[in-house]
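Peer 1: Sharing the record's features from TrEMBL:
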- 148-235: domain 'Ig-like' (DOMAIN)
- 253-334: domain 'Ig-like' (DOMAIN)
- 344-426: domain 'Ig-like' (DOMAIN)
- 438-506: domain 'Ig-like' (DOMAIN)
- 508-593: domain 'Ig-like' (DOMAIN)
- 606-704: domain 'Fibronectin type-III' (DOMAIN)
- 688-717: region 'Disordered' (REGION)
- 709-807: domain 'Fibronectin type-III' (DOMAIN)
- 813-907: domain 'Fibronectin type-III' (DOMAIN)
- 912-1005: domain 'Fibronectin type-III' (DOMAIN)
Amino acid sequence: PPSPATVICRLFVCGRLMTGEAGGDGASCAQRCVGVIRRGGQARLSGCVCPARFTQPTFLTRKNSSPSIHPSIFHTRISGVQSLSPTWSVNGTPVDFSTDGRRRLSGGNLIIGHPDRTWDAGTYQCIATNSVGTILSSRATLWFAYLEMFKSQTRSAVSVREGQGVVLLCGPPSHSGELTFTWVFNEYPNFIQQDSRRFVSQVTGNLYIAKVEPSDVGNYTCVVINSVTKGKVLSSSTPLVLRTDGAMGEYEPKIEVNFPETVPAAKGSAVMLECFALGNPVPEITWRRANGVPFPSKVKVQKSSAVLEIPDFQQEDAGGYECVAENTRGKNVARGLSVFTAKPQWIQTATDTALAIGEKLLWECKANGKPKPSYSWLRNGETLGGRVQVENGALSIAAVNLSDAAMYQCVAENKHGVLYSSAELLVLGKTLLKARAGTEVVLECRPQAYPQAVTLWKKGNEILILLLPGGTLKIINVTKADGGSYTCMARNQFGTASTTGRLLITEPTRITQGPTNMEIIVGESIVLPCQVTSDPALDVSFSWVFNGQLVDFQQDKTHFERIFAGDLMIRNIQLGHAGKYICIVDTDVESLSAAAVLMVKGPPGPPSAVTVEEITDSTAQLSWMSGRDNYSPIKGYVIQGRTAFTLGWQALDTVPEVIFGNTLTATVVGLNAWVEYEFRVVSSNAVGVGEPSPPSAKTRTEDAVPDTPPTDIGGGGGTQSELVITWEPVPEELQNGDGFGYIIAFRPVGGATWTRAIISTPEVARYVYRNDSIPPFFPFDVKVGAFNKRGEGPFSSITTVFSAEEGEPPSVTPGGVLARSVSASQIEVSWRPLASAPERVLGYEVTYWEDDTKPDTVGKVRVFGNQSSVNISALTGNSQYFLTVSAFNTAGTGPASPSVNATTKKASPAQPPMNVEWTLIGAQLTLHWDPVVAMETESEVTGYQVSTRFRFLSYSRVRTFMTNKTTAELTLPANDDYLIQVRVLSEGGEGAATEPIRIHRLSKSFHPLLNRN
């Protein structure tokens, strides 16, 4: 509804004329106007309580009248004398009325044209702002009721015995809004009549028949109605048929419809509990309270006792409820707990308050509700912080100042509702005014009085008559002599009033050391100074602005820290920290600033547009565009490549060999034929190596004749009259094209003619030549070559391979087998080599497995010759392993020794040292870190290792330092860059290391550097 009309009320109270604006309905208010409340010049009138009167004139500095909000969905009524700027938010996002053509404001009301479920559903809130402050309305939710159609599909018949209970499922379609359910039997509108045997749940929509009778056979249709839209949809029919295998015997009740174990119930709401059971005979439903207390008269039982209704739910209605289903075969009980809930209701709220500077503010707000509400406070619509203390609904400020004047709101909230209460804090004018020498001072005096008061000023006892209109006193180019007490006096026919304040003239504030323009390298730390001299009577505060934004020392405390009064330390500077820094010095009387530009040099930005201009079977010509040099000229480029066969990116050979910074093309050489490559370019400058470019498009080199022969030609063994030849297959990236295979050539040692065999499968790595004429253990010259569809490639060097032996594998077992744990991942195995054996011994094979019951966890390691020990690595920590040793030759492996076992040590702690702090003074570096405590499954800590890597570009020189303490002192070379890491040591080996700490040359620093990693 529109705001009430404004009427003017004139009447005499106690013989004096009173005039003011009053909200009302236009009726005469002369007989009811008995109380006047000043509020920004407006008078609000209330009922007959006591006579009102004007008081003597008083002096105060107060802000304009505060706004208050009475919200409803899409409609809000705002009262406040000063012009208001209402706006709205949806789901926390402000509505932009300039671009939103469907939403508009009308007198503070939000009007939505053509509402849409997708775009307009959500939570709405009105925000009202005037010169006093900002407050928020309660939140309102807009949702759209709808009911979609059932899916058009045939429902399967339900087959039951006579006397059996049955549940017919409704399965309502997608919807929003409360639904009601009914069922149609055979033809519409033949609705099911509910009784003790049949029940339709308004929770699930299902139809329950406690005991099926022959008359129930037919088709059933679920009818769903949206209570909001009144829309109605019908499901497909569900046939109910009787089985022919006889009637169902009697059985005890089975409760199919049950209320939840916990039922939340709001105060004053109507609670409906459903309970229905299947059974033969038809069960009888009764209700009772768990505590045995009888139901009050308001409780109703409906639908043959299947529904218990508790209207106007109150606290005393909470508790346990039981539904009892009983027939001659037995009974069953369903239980649930009804929990009383209530949205918050105010018990105590804050009221508008006026305080002088320095006085303490204490506001309390209290609300009841179930569950107990939580409290928060807003200042001008935003969360509070800083000097304001909030605890259990109470807000306090130890000493208010002018900046505290604002609109405040207490918010009480539980999961059932939110309450907002608003109050204005008015801070009265200063009693002490400070001004800088040489400036202009204006003293205002605006008494509230009717009739209008006459105003004059005094300095001490001296009357001042040089006034501006309205009683304002102006002093130009003030000096120390202008300081002192000033009194403003006001008088009208009803009396006089005065207020006195003191004017203090202060010396100008000066910035003695401000920031200067600097160049710095990424990762370094610097201090920007900001030191001042000021009058002792002034309060001085410092703030910093970076590229137009105020520096938030809490939000970005990783990089920014205020030290030594106004100095700004920037730690671990990044490229994004380049720009203009302004130190702002604020006092009671003035504001000063000093600015500097910080240039941050860093590694180059990534190159771009990497393009393959031309490609052959072994070369690729590339071009690219340079990236940002980040204030340090690019010195050179490196080209990296990646294929499906490499582990990540690898540096490639180029022509020219060294690519200088002014070159944007190069030829990559030494590529493999018929391989798909990606290329990227990395640039570097005097600061370091930059980020790589995005990869080029994948490009395949041309095919060529193979140029790499197979390696590791060997063989031997097998059965009698066999020559076994083995080799290491040529990797796919070296096959140079399609149609790849192997050419195996062999001849008796000293022979002239080669026998050749062709294998067309690239993955095969073994060839067996069988001929009864082959003598046992006879030497052959063997070589293996490669071919593809482009032709034959080179052969490997000639290797001597022996044919199969005529003998047997070794028959003797090695003795003296021992195993010991070396670390969490290694076990050392030793044995006594065989001094003599009937068969030839080529070496020893160690077999190990983790679980004696799981032979599939087997691993094997072979050593050749007379070696007597080997380290088994890549094992699991804190695990038992079983091990055996066997001798072998080309005929096979001999018998295994008896198994021995060893348990690996517990793993080293996975947690690296934390909270590493470092201090660098000159070349002396002091480190401190928190001790690492091993978990139960980890090895005990035995010490720490500090690693120092020197030289920025390569960090090739490494020094390590061991200690069993959590501190370390190192002397670092002057004028160098270094990386430092700390890792834990234990019996299980080396543990995880900290992130690298990068420290740069600090010869230009203003202060000793302190840092935390």
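Quick reminder: no glycine exception, Cβ is built from N, Cα and C everywhere.
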Peer 1: So what's the mean pLDDT when you look at the domain 'Ig-like' (148-235)?
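Peer 2: Across the domain 'Ig-like' (148-235), the average pLDDT comes out at 92.
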Peer 1: Which residues of the chain, 6 or more past the ends of the region 'Disordered' (688-717), have a CB below 8 A from one of its CBs?
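Peer 2: For the region 'Disordered' (688-717), the nonlocal Cβ contacts are 522, 602-608, 610-612, 615-618, 620, 622, 624, 627, 630, 640, 642, 649, 671-682, 723-730, 734-738, 740, 742, 766, 782-797, 799, 801-805, 890-892, 952-953.
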Peer 1: When each of 253-334, 438-506, 912-1005 is checked against the domain 'Ig-like' (148-235) for Cβ pairs under 8 Å, which one has the most?
Peer 2: 253-334
Peer 1: Can you break down the domain 'Ig-like' (253-334) into helix, strand and coil residue counts using DSSP?
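Peer 2: When I sort the residues of the domain 'Ig-like' (253-334) into the three classes, I find 3 helix, 46 strand, 33 coil.
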